[in-house]
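These come from TrEMBL:
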ACT_SITE  ASP174  active site, proton donor
BINDING   LYS69, ASN70  phosphoenolpyruvate binding site
BINDING   ARG150, ASP363, ILE385  UDP-N-acetyl-alpha-D-glucosamine binding site
DOMAIN    53-464  domain 'Enolpyruvate transferase'
Amino acid sequence: MPIPAVAPGAAEPGTDVVPSDGVDAAGIAGWSGVAEPDATDAHTMAGVDMIRVNGGARLAGEVHVVGAKNSALKLMAAALLAPGRSVISNVPRITDIAIMGEVLRRLGCEVSFTDDDPVGPGPARASSVTIEVPEELGSEADYDLVRRLRASICVLGPLLARCGKVRVAHPGGDAIGSRGLDMHVAGLARMGADVSGEHGFVIAEAPDGLHGATIWLDFPSVGATENLLMAAVLAKGVTEIDNAAREPEIVDICEMLSQMGARIEGAGTSTLRIEGVDALRPVRHATVGDRIVGGTWAFAAAMTRGDVTVTGVSPNYLEIALDKVVSAGGLVETRDDAFRVQMDRRPGAVDVVTLPYPGFATDLLPMAIGLAAVSEGASLITENIFDGRFMFVNEMARLGADIKTDGHHAVVRGRERLSSAPVRATDIRAGAGLVIAGLCADGVTEVSHVHHIDRGYPSFVDDLRALGVTAERVVAPEEQSFSL
């Protein structure tokens with residue numbers, strides 16, 4: 001039976017946009033060692049979480065960025081490849097990590113969280129996750145968790161490599177993008193797996209084990225690269241993945257797998273060569289800093305004509321994004337694991353084209369549109385990765401942004417100031433972008449459904465306050481429903 005098609009407009013597994021059902025970390029069993037959210041941290045039937053910010057703020061100060069969510073989730077999956085205790089530090093304190101912990105528990109692992117030492121003022125914002133992986137793993141990931149976290153599809157490769165069979169619920173459709181599991185399936189089939197779909201599950205079997213293969217990806221898919229990489233490290237022979245994704249998060253996974261005993265060449269290039277080994281060992285590994293969060297603060301500083309130092313992430317991962325800030329008139333100073341952005345005038349218009357890494361990251365497109373909305377002149381923004389990334393521009397227009405879209409392109413004509421309005425977050429990055437745009441608006445802006453933001457920014461409101469913003473988080477009543 002063929003793999004069920006992904007619905008039109010669905011995102012590649014591992015991207016930032018998921019169905020808006022909101023998940024409370026307090027509801028995930030065993031989120032031990034990590035403070036549970038208070039009543040304002042959950043999206044509930046009784047109300048909708050909202051961030052309220054006062055416009056006119058100039059961001060100034062220092063903000064520390066913790067580990068990348070998109071890396072930490074896959075590092076947790078990679079731990080499945082080696083029986084024993086692995087410890088992953090610098091893991092962001094967000095709901096997605098809690099859900100991934102529960103996915104691993106249901107596969108038979110023991111998972112616990114402890115706070116990392118805080119960096120800078122305030123409470124710890126990162127954790128260490130300890131994963132005890134048994135010799136005999138479960139091989140099924142249920143829909144009730146996969147639907148909440150599309151990235152949990154990344155257990156497909158490790159479980160197939162370890163168990164010889166796997167059933168993972170098909171994650172279904174998301175709000176953006178058009179790529180599904182085709183490249184994952186085709187690559188695993190080349191490695192000797194029999195892959196099918198049944199009753200909403202992706203089912204893969206390789207009773208005689210996986211073998212090396214040469215695999216060409218039609219697109220440098222991050223999710224497919226990760227799954228095939230993790231499957232290949234225990235396969236017999238040599239696997240070569242051509243047109244592989246090159247993101248820093250891929251390099252981070254390669255580094256952890258190499259620590260575990262994997263033989264990998266070409267990390268950070270478009271060709272990965274993996275020589276399979278018989279077994280891997282558990283390790284300790286620190287998650288790479290989150291370049292998307294770092295880039296968010298870079299654009300926020302430029303939009304508000306601020307002065308912000310960002311620590312915890314290498315500016316090398318943000319070369320094009322920081323270059324756009326410079327082109328807009330900003331001053332950028334860099335160090336090994338930090339950078340500073342200063343803007344002392346109204347930004348100039350800058351064109352942006354999203355591309356796979358090392359191109360401009362699609363996850364920073366909402367921030368690029370926000371910068372263009374307050375810049376002097378007109379900017380052309382082109383989205384090449386996800387079909388529906390411009391979904392949020394109607395909310396930006398409510399703030400007074402002058403945006404016209406046509407397919408993959410948006411023309412943004414900058415205005416001196418935006419105007420406050422109630423708006424709704426549609427995904428992680430759009431939500432953050434709307435809050436920051438609100439800082440450039442007259443009056444008070446309210447952004448609702450900010451449980452999305454929680455999935456990518458561990459302490460967003462606290463960081464805003466530390467940078468001089470008057471911001472608060474409240475729960476607003478759920479909209480009244482009507483019926484005939």
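Even glycines carry a Cβ here, placed using N, Cα and C.
Small disclaimer: the values here were computed from a predicted structure and weren't measured.
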Completion exercise
Counting across all protein chains, other CB atoms within 10 angstroms of the CB of ARG150 (UDP-N-acetyl-alpha-D-glucosamine binding site) number 25
Problem - ILE385 (UDP-N-acetyl-alpha-D-glucosamine binding site) in three-state DSSP notation - result: coil
Exercise for the section: Give the maximum pairwise CA distance in Å, whole number, for the residues ARG150, ASP363, ILE385 listed as binding UDP-N-acetyl-alpha-D-glucosamine. Expected result: 17
Exercise for the section: Compute the C-alpha separation of ILE385 (UDP-N-acetyl-alpha-D-glucosamine binding site) from ASN70 (phosphoenolpyruvate binding site), stating it in Å without decimals. Expected result: 17
Fill in the blank from the handout: Least Cβ-packed of the binding-site residues ASN70, ILE385 (other Cβ atoms within 10 Å) is ILE385
Practice task
Determine the mean pLDDT over the domain 'Enolpyruvate transferase' (53-464), rounding to the nearest whole number.
Solution key: 95
Practice task
Measure the Cβ-based neighbour count of ASP363 (UDP-N-acetyl-alpha-D-glucosamine binding site), defined as the other Cβ atoms within 10 Å of its Cβ.
Solution key: 26
